Amino acid sequence: MTYETDTTLMLVAVGEALVGILGNAFIALVNFMGWMKNRKIASIDLILSSVAMSRICLQCIILLDCIILVQYPDTYNRGKEMRTVDFFWTLTNHLSVWFATCLSIFYLFKIANFFHPLFLWIKWRIDKLILRTLLACVIISLCFSLPVTENLSDDFRRCVKTKERINSTLRCKVNKAGHASVKVNLNLVMLFPFSVSLVSFLLLILSLWRHTRQIQLSVTGYKDPSTTAHVKAMKAVISFLALFVVYCLAFLIATSSYFMPESELAVIWGELIALIYPSSHSFILILGSSKLKQASVRVLCRVKTMLKGKKY
């Protein structure tokens, strides 16, 4: 790639990462301040903070990988030195997805209304189960991340750089099957939390449909609090699903780069697209939470006042 292309893509990556880190840091900071003030933290705030922190780490790792690929290609080609980056990318990737899945599950049990004994048992205990569930997500992510990182051979990154592939064509061809196997396993693992979130979304739709059949809306179109809660939860879950699909496609591009003519460019484009998911979803979560939305309005008002004061 040319110097101009490298510079442009790097600026875009840095801009995306900074916007996402700012949004996720805001979520974590607001919830942390509320925790310090009240000496306790609500389950929803704990989940949102976990999602935000995992995505801050994920965005930093993606940005670091992108910078090393462009600015330090020799370091990028050394699989042993980059194995740490691979591990933390895989770990934060799984944590981010699993924590977001926990958010979908929490919305389902808090808002939906079903009368199955198991559903009611979990619904009554969901607040007590959240911390255990988040810890289980950490353990699951670690269990998947360690084997995957070990299975990534040292030749993988050499296949990304075109100049290295010229001298290592045979080696790359030999290892393509192994790389493809790791890639397929990575994407299959991500399919399970996606399916759980999808089922949660479908059950929320079913619950909303049953709820609207039991109530009568007024002439003005007023919706009761339960209906509003259903709609808000569905918006949050569907936005996660849509952005997660985009992220998986980007992840597929990045991990399949060794099959493509311009491997380095494919990796960078994959990482740029991947940054959209954690960056965009943070602002959707802020707008979907009354607490975070009010805090953001207060911050914007203060910034606006400060800017006006500087003008005069």
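The backbone N, Cα and C atoms fix where each Cβ goes, glycine too.
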- Query: Same topological domain, and so the same side of the membrane, for R39 and R125 in Swiss-Prot?
  - Reply: yes
- Selection from 102-122, 129-149, 188-208, 236-256, 267-287, the stretch that has most Cβ pairs under 8 A to the transmembrane segment (50-70): 267-287
- Query: Going by DSSP, how much of the topological domain 'Cytoplasmic' (31-49) is helix, how much is strand and how much is coil, in residues?
  - Reply: 15 helix, 0 strand, 4 coil
- Message: At a Cβ cut-off of 8 Å, and with pairs 6 or more apart in sequence only, do we get at least 3 pairs between the transmembrane segment (236-256) and the transmembrane segment (129-149), yes or no?
- Response: no
- Item | Recorded stretch that, among 129-149, 188-208, 267-287, has the most CB pairs under 8 Å to the transmembrane segment (102-122) | 188-208
- Task: Give residue numbers and ranges for long-range contacts of the topological domain 'Cytoplasmic' (123-128): same chain, 6 or more residues beyond its ends, CB-CB under 8 A.
- Result: 43, 106, 109-110
- Helix, strand, coil: count each for the residues of the topological domain 'Cytoplasmic' (288-312), based on DSSP. 23 helix, 0 strand, 2 coil
- Near the topological domain 'Cytoplasmic' (288-312), which residues from the same chain, at least 6 beyond its ends, have a CB less than 8 A from one of its CBs? 26-27, 30, 34, 44-45, 48, 232, 235-236
